[in-house]
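Enquirer: Mind having a look at this structure? Questions to follow.
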């Protein structure tokens with residue numbers, strides 16, 4: 001959750017001024033190496049598929065595009081948008097998870113576990129059933145609304161319960177909200193016979209991504225990510241604890257509100273593009289904190305880069321596990337994510 | 001409080017329990033009868049009675065005996081089984097939010113059944129008798145895994161539940177993996193079944209489920225005393241001469257076996273194991289010898305009503321029962337969660 005320094009701050013012991021552990025050198029290295037790795041894995045992702053294409057051809061298709069070549073067309077029309085959507089979704093989910101964990105000081109906070117993904121998915125099921133053929137612009141707006149719905153339910157319960165949103169409560173509330181929304185979605189799917197469309201999308205994946213999707217998605221995710229970078233310092237302070245943040249003169253209510261809106265933008269846009277892919281928002285922030293310390297000015301850019309890398313790699317994995325069938329990305333992330341979740345659940349810390 | 005007034009209070013509580021049970025039994029009978037008469041083809045009470053005593057038309061007999069009755073009986077059995085399974089789990093973990101569905105036990109059973117159907121049965125048929133065993137295997141695997149991962153110089157209730165949620169997520173992912181390997185026919189079948197539909201509407205399924213319920217429910221009632229003692233906490237229970245770990249293991253196995261056998265026939269129905277024990281506790285108090293029978297009756301009633309709604313709300317298309325249960329159960333769970341102490 002928060003690093004070693006701030007762990008020593010308890011209610012009895014507020015004299016200790018906490019320091020935000022920051023490792024700028026490590027963080028810079030990670031961002032640089034991460035970007036390099038991301039660049040290469042994007043190349044691999046683009047070259048990989050039913051028709052194997054050499055990396056050299058990929059380079060040519062990008063920098064010396066010849067429209068009459070089929071391979072160049074496959075790369076331009078199918079592979080590049082897929083890789084880009086993957087990178088955007090990975091970065092968004094990871095940053096959304098980072099912000100949530102920082103704001104709530106809860107190690108299990110994550111869009112998937114909190115039911116936010118299921119909320120977006122539920123509203124999309126409604127859209128598939130009642131407004132088929134809606135433009136992708138509108139689909140994104142609807143999935144923001146769905147994400148907001150689930151967040152409000154889970155937060156609402158947290159604020160009603162005495163003692164606030166402990167990790168156990170969060171996991172229970174998120175699971176149950178997700179169960180409820182999934183039940184409603186599958187009820188809609190069965191009644192309106194749109195089950196196949198929904199289940200295809202529900203399994204998660206970036207396979208069918210197009211340039212139009214990239215174009216619509218990019219501004220939302222850019223706004224979310226830039227907003228997150230701007231908020232980074234405030235989130236670092238909030239991650240020290242609400243009382244302390246107030247003591248340092250922070251308007252915590254406002255920070256939480258803006259932070260939540262950013263989470264909704266990032267999670268809602270990602271889900272609309274790739275379906276409810278879980279666990280990225282759980283794993284990457286923990287990994288990043290382990291590597292770069294507890295300063296969110298470094299955590300947020302690092303987790304954006306690592307999240308993008310992670311999802312691009314997961315997408316490559318999804319194609320390689322069982323070719324020519326594509327394994328849903330959600331399964332790949334769960335295979336890595338569930339053991340990590342279990343590790344966190346086993347760990348004894350206060351509040352758990 | 002002196003001896004006399006304690007006895008009086010106890011007497012009043014007993015009387016109250018009998019009244020609650022009687023009311024529940026009457027409600028179940030009413031639902032049973034209404035369920036029998038309602039559907040795509042309505043049967044008037046007179047027709048129904050005639051059919052029951054063997055004077056109906058062939059069509060009426062088929063509707064009643066081959067379609068509606070087995071399904072209704074299964075709803076009663078599965079409801080009671082899941083409810084008592086949840087009550088035991090809550091007693092053993094001393095946490096009112098425990099539920100076999102939430103903790104991945106149903107998912108384990110469901111995964112095993114889906115895998116079995118995919119490999120051997122291809123969507124139903126002859127090997128129905130094996131289903132409960134397959135489901136039990138899955139349920140016990142899930143429960144064993146949860147216990148193993150949560151173990152760290154003993155298990156705490158919180159770790160047990162959190163790890164249960166994690167194991168449930170793992171089975172959900174495995175299920176997705178399985179579903180892409182399935183042929184479309186089996187997939188549809190498994191999808192509806194997973195959503196918790198009482199799909200085995202014939203007497204074979206009743207016959208398969210019945211022995212499990214008839215063995216395990218009375219055994220659970222017999223163990224009510226142990227549950228009461230475990231509720232006092234491990235130290236107090238040990239002080240009273242209970243072999244805590246052994247009793248806990250026996251009770252857990254009973255709960256998992258109930259959940260597994262019910263899931264094998266009823267599919268992934270959650271929340272009954274959560275809602276029914278809570279309502280029962282409010283009606284007859286926390287002592288398990290009174291609470292467990294009330295829980296069983298409430299579970300039956302809840303599932304009967306939900307199944308009735310599932311069949312008739314969106315008629316002529318039919319919703320899986322589990323969806324209706326979730327729509328009722330999940331808000332109730334969230335309400336309980338909001339009231340629970342940290």
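Even glycines carry a Cβ here, placed using N, Cα and C.
The transmembrane segment feature in TrEMBL is assigned to B:18-38, B:69-89, B:101-121, B:128-151, B:157-180, B:192-217, B:249-279, B:319-338.
Thinking about packing and proximity, how do these listed features fit into the structure?
Expert: Beyond the ends of the transmembrane segment (B:18-38), by six or more residues, the same chain brings 44-45, 48, 64, 68-69, 72, 76, 283-284, 293-294, 297-298, 300-301, 304-305, 307-308, 311-312 to within a C-beta distance below 8 angstroms of the stretch.
Under 8 Å from some Cβ of the transmembrane segment (B:101-121) lie the Cβ atoms of residues 89, 127, 130-131, 134-143, 145-146, 160-161, 164-172, 174-175, 178-179, 181-182, 186, 189-190, 193-194, 256, 259-260, 263-264, 267-271, 273-274, all in the same chain and six or more residues away from its ends.
For the transmembrane segment (B:128-151), same-chain residues at least 6 beyond its ends with a Cβ under 8 Å from one of its own Cβ atoms are 100, 103-113, 116, 159-160, 162-164, 166-168, 171, 200, 204-205, 208-209, 212, 252-253, 256-257, 259-261, 263-265.
Counting same-chain residues at least six beyond the ends of the transmembrane segment (B:157-180), those with a Cβ under 8 angstroms from any Cβ of the stretch are 93-95, 97-98, 102-105, 107-108, 110-111, 114-115, 118, 142, 145-147, 149-150, 187, 190-191, 194.
Using a Cβ-Cβ cut-off under 8 Å and counting only residues 6 or more beyond its ends in the same chain, the transmembrane segment (B:319-338) has close neighbours at 75, 96-97, 99, 192, 195-198, 266-272, 274-275, 278, 302-303, 306-307, 309-310, 313.
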